Amino acid sequence: MATSDAPLQVGQVVLTVNDLDKVGDFYQRVIGLSLLSGDGESRVLGVDRPLVELRGDKAARHRPREAGLFHTAFLLPDRAALGDWLRMIAARELRLDGASDHLVSEAVYLHDPEGNGIEVYADRPRAGWVWQDGEVAMDTEAMDIPGVLAEGHDGWQAAPEGTVIGHVHLQVGDLAPADEFYAGTLGLTRTAHRYGASFYGSGGYHHHLAGNIWNSRGAGRRKPDSTGLAELVLEAEPALIAQHSGQGLLDPWGTRISLRAKR
């Protein structure tokens, strides 16, 4: 688990969805998560532990320009697992939004049936990450798809043990208050800042959170009846939890953030 030694990391996302059955089936069938619990109002899915909670609300409205979720990024244990997953996607002829080499990782992009962004990725070895003046070199280049496919060897049955949410990328209204909150209030390190986005990490990881203004420049606070990200659960060291009195936080756009002890 590449981020497990970080003082703060992503534990779980909670999404509000209109069609609980359809979206839940997608995360099981395409992402490979297991159904851990569920009823007519919610479902909890994960690998070894909860990663995604879906809350059904047929009246909630989709507002793509609002602050909130850009994508949830599922980190696979290695490049071979990414190759296995990509082979499954190709065999089923499922639609993807893109694939990129970010220098620190190789990533594939898609979205769930209600438009929630998803990234499935594998990190490159940390020894190859390039840091300068406190920032890590990241870019968006073409991914070596044949090379990734060639790494796959076991076939894809489900998301393998050790799969976690490596990072969550948010839509924000402005980067300055995002920096103040995520690097200031939460105490993350801003690891990169470019192209209308800021990236924040802990424990030397390239990023656990990011915020961009690509679709949401100038956005105000989220409306409570929106689909998408209802809550972001972060796992933290006891000192950070105590600093915030064990209570949840709201970022400048009303995105709810909960802190829980690291597992």
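Cβ from N, Cα, C; glycine included.
Record features (TrEMBL):
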DOMAIN    9-123  domain 'VOC'
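Per-residue pLDDT, averaged along the domain 'VOC' (9-123), amounts to 98 for this model.
In terms of DSSP secondary structure, the domain 'VOC' (9-123) contains 24 helix, 55 strand, 36 coil.
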